[in-house]
Structure formats: structure tokens, C-alpha cells
Amino acid sequence: MAGEAPEPNAQEKAGKAFPVSWDQFHRDCRALTWRLNEVGPFHAVIAITRGGLVPAAIVARALGVRVIDTVCIASYDHNKQGELQVLKGISEAAIKLGGGTGKGLLIVDDLVDTGKTGKLVREMLPDAHFATVYAKPMGRPLVDTFITEVSQDTWIFFPWDTALSYPPPLRDGAA
Ligand SMILES: O=P(O)(O)OC[C@H]1O[C@H](OP(=O)(O)OP(=O)(O)O)[C@H](O)[C@@H]1O
Ligand SMILES: O=c1[nH]c(=O)c2nc[nH]c2[nH]1
Ligand SMILES: [Mg+2]
């Protein structure tokens, strides 16, 4: 109807912002690798694209894993979650390395929010280890290893999704 306010998207609904710099993200990924080193070794890393690609590269490098595969899933269109679509599944070669169930494989994503994406990938590889850098409470039970938990009403801004911008002064007239 004309004049009606548009539905708030997931980012607007979240309310709180948690901006993450490249430095911070790298530090958090390195902390993740310390924990994962206690769990491995892993035969391969499976990155959930696109957000999982950056932590997967850092984690794979630190753990000395050279076989990296992707599972390509689209859900959030900008910041509104729709139906999950698997655009590319896990390769036969990676599935074979994990004995069909994912044993010895490491799934990596940047975060779990509602847990829908993580749940879908877990169903593909039930015995794999699932690691994310950040976790929100709804998705947290799905993750085996993560570094930082943020509240469900927080939106995480990743460095590859953001650019430097000018923040207006908090108080009128302040320089
Ligand atoms: O736990 P959920 O509620 O499913 O949300 C988490 C997923 O959402 C984001 O991906 P997105 O679908 O935005 O795609 P992208 O990684 O390509 O940015 C994020 O990278 C996770 O994969
Ligand atoms: O950049 C993002 N930040 C988030 O907090 C989030 N939750 C789901 N998908 C997300 N993407
Ligand atoms: Mg993603």
C-alpha cells in the first residue's frame, strides 16, 4: 500500500552494529586456528562461500592444509534472508577424502546467525568439524569451534563488505 513503511531487513532488525576491521578479523582467524590445531589434522577445508572463503584461506594456510573445496550457498540477498539455494555442492573428491560422511574434513564459515546455512551443510557432511569465526546464539549449537559470540540482535559488518566512511559528529556543532 502506498505510504506504508518497507519491511525492515535483517540488518535493520538486528539494531546493534559490530564492525570488524581486517586486522581484527585476521587476529580472530588466527585464534580460531590455535583452537582447530588441537582438533585436527584435517584432510581438507570446505569453505561455505562467499563469506567462508576469507577465513578458510587463513585457517588452511595456518594448519598446512592444501586441499580446499567450496560449497556455494546463496541465502541473504544483501541483508534479507530468503530460501537457501545450493549453487554448487561439495566435490566428489572432497567427499571421498571424508569417507562419505565428512570425517576429517573442516567446514569453515565467517559466522552462524540463524544457523540455517550451517544446518544444511552439516546435513551434507554429518561427521565433519564445523568452525566459524563468529556465532550468534541461534546458530551456536551447530558449531563445533568458534571464537566470538555476539548477541542475536547484532549485525556483523565484515571488512570485505564495508568501506571507510565519514561519521557525522555525535553532537550538533562538534567539529
Ligand atoms: O546462519 P544463517 O542465518 O544461515 O546466516 C549465516 C550465513 O549468512 C551469510 O552468508 P550469505 O548467505 O549472506 O552469503 P555470502 O556468504 O555469499 O555473503 C554468512 O556468510 C553465513 O554463511
Ligand atoms: O555480513 C553479515 N553480517 C551478519 O551479521 C549476518 N548474519 C547473517 N548474514 C550476515 N552477514
Ligand atoms: Mg555466507
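Backbone N, Cα and C define each Cβ position, glycine as well.
Keep in mind that TrEMBL annotations are predicted by a computer and have not been checked by a curator.
Taken verbatim from TrEMBL:
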BINDING   Arg50, Gly51, Asp109, Asp110, Leu111, Val112, Asp113, Thr114, Gly115, Lys116, Thr117  5-phospho-alpha-D-ribose 1-diphosphate binding site
BINDING   Asp110  Mg(2+) binding site
BINDING   Asp113, Thr114, Gly115, Lys116, Thr117, Trp155, Ile156  GMP binding site
BINDING   Asp113, Ile156  guanine binding site
BINDING   Asp113, Ile156  xanthine binding site
DOMAIN    21-166  domain 'Phosphoribosyltransferase'
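Mapped onto this structure are the features recorded in TrEMBL.
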residue: Arg50; record: 5-phospho-alpha-D-ribose 1-diphosphate binding site; CB count, 10 Å: 14
residue: Asp110; record: Mg(2+) binding site; CB count, 10 Å: 24
residue: Leu111; record: 5-phospho-alpha-D-ribose 1-diphosphate binding site; CB count, 10 Å: 22
residue: Asp113; record: 5-phospho-alpha-D-ribose 1-diphosphate binding site; CB count, 10 Å: 24
residue: Thr114; record: GMP binding site; CB count, 10 Å: 15
residue: Gly115; record: 5-phospho-alpha-D-ribose 1-diphosphate binding site; CB count, 10 Å: 18
residue: Lys116; record: GMP binding site; CB count, 10 Å: 16
residue: Thr117; record: 5-phospho-alpha-D-ribose 1-diphosphate binding site; CB count, 10 Å: 25
residue: Trp155; record: GMP binding site; CB count, 10 Å: 19
residue: Ile156; record: GMP binding site; CB count, 10 Å: 22
Residues that sit under 8 angstroms from Asp109 (5-phospho-alpha-D-ribose 1-diphosphate binding site) by C-beta distance, when 6+ apart in the chain: Ala47, Ile48, Gly51, Gly52, Pro55, Thr117, Gly118, Val121, Phe130, Ala131, Thr132
Cα distance (Å, whole number) from Arg50 (5-phospho-alpha-D-ribose 1-diphosphate binding site) to Thr114 (GMP binding site): 17
Secondary structure composition of the domain 'Phosphoribosyltransferase' (21-166) [DSSP: H/G/I, E/B, coil]: 50 helix, 47 strand, 49 coil
Arg50, Leu111, Gly115 screened against Ile156 (GMP binding site), Cα within 10 Å - retained binding-site residues: Leu111
Entries of Asp113, Trp155, Ile156 (binding-site residues) sitting next to ligand 1, with Cβ under 6 Å as the cut-off: Asp113
Shortest C-alpha distance to Asp110 (Mg(2+) binding site) - which of the binding-site residues Arg50, Lys116, Trp155: Arg50
Distance [Cα-Cα, Å, rounded] between Arg50 (5-phospho-alpha-D-ribose 1-diphosphate binding site) and Lys116 (GMP binding site): 15
Of Arg50, Asp113, Thr114, Gly115, Lys116, Thr117, binding-site residues neighbouring ligand 2, Cβ under 6 A: Asp113
For the domain 'Phosphoribosyltransferase' (21-166), mean pLDDT (0 to 100): 95
Cα-proximity to Trp155 (GMP binding site), 10 Å cut-off, over binding-site residues Leu111, Asp113, Gly115: Asp113
Span of Arg50, Gly51, Asp109, Asp110, Leu111, Val112, Asp113, Thr114, Gly115, Lys116, Thr117 around 5-phospho-alpha-D-ribose 1-diphosphate - largest C-alpha separation, Å: 17
